[in-house]
Ligand SMILES: O=C(CO)COP(=O)(O)O
């Protein structure tokens, strides 16, 4: 099996102004420093709102922090008459490593379909930004037992026409919609079932060595108390954390999941 470095990414969603963002990242950095966190063993990233990115960049650069940061969305276009959109060129200038693409909240409230998600993934890669592709099923699909085909159809659509050298770098986050912000965490076996199927599909779309190198995350009500059991699954390589990433100490604990296995 490839040596995949786990990634713990905090999706702040629409929370924290730019002053609060600086404090939160500072606190996170202190908590991880206190714990002597090894960032080469577990990568840590935050995805703040656009308006915070310049402040986070300034702090990360000034204090030489090992914390990575990214955006929560990106335009499929580089520039032009797209009111309210943020270009990948602007994000690249802000030093972002990652961008979330196709989060279920974008799909639901902004009607993003597979074609848009696919275009945004290509737009990010064209400017050296690694997309975190979010996929996952709603409750109806889960009740019908269709979570795997549903999620794989999203993966197929999102990756259409993506060259292997880009697919090899992508991060895919499996986030069952019914587990987001509900406290209803999928069981480790639920997470493994779909994360494993995503990796197998990557093997079919590309090849097995490529699939073996791609990081597949789980997201949905991840906390320090449940992260270790989820991370123990063979095809789960990290977590996309919403609510719990707004608490620096809690998020640092999540990043240090190996210390509290069984907690
Ligand atoms: O949507 C999520 C991360 O992108 C998950 O959110 P919660 O961790 O708050 O359930």
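Backbone N, Cα and C atoms are what each Cβ position is placed from, and that goes for glycine too.
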Site-mate of 11, 12, 13, 181, 242, 243 for substrate in TrEMBL, selected among 40, 55, 221: 221
Consider only the binding-site residues 11, 12, 181, 221, 242, 243: which of them have a Cβ under 6 Å from an atom of ligand 1? Write none if no residue does. 11, 181, 221, 242, 243
Among the recorded positions listed here, 13, 103, whose Cβ has the fewest other Cβ atoms inside 10 Å? 13
If you pair up every Cα among 11, 12, 13, 181, 221, 242, 243, the residues annotated as binding substrate, what's the maximum separation in angstrom, rounded to an integer? 14
In the same chain, outside 11, 12, 13, 181, 221, 242, 243, whose C-beta lies within 8 angstroms of the Cβ mean position for the substrate site? 180, 241, 244, 245, 246
Are there residues of the same chain, six or more positions away from residue 242 (substrate binding site), whose CB falls under 8 angstroms from its CB, and which are they? 10, 11, 13, 180, 181, 219
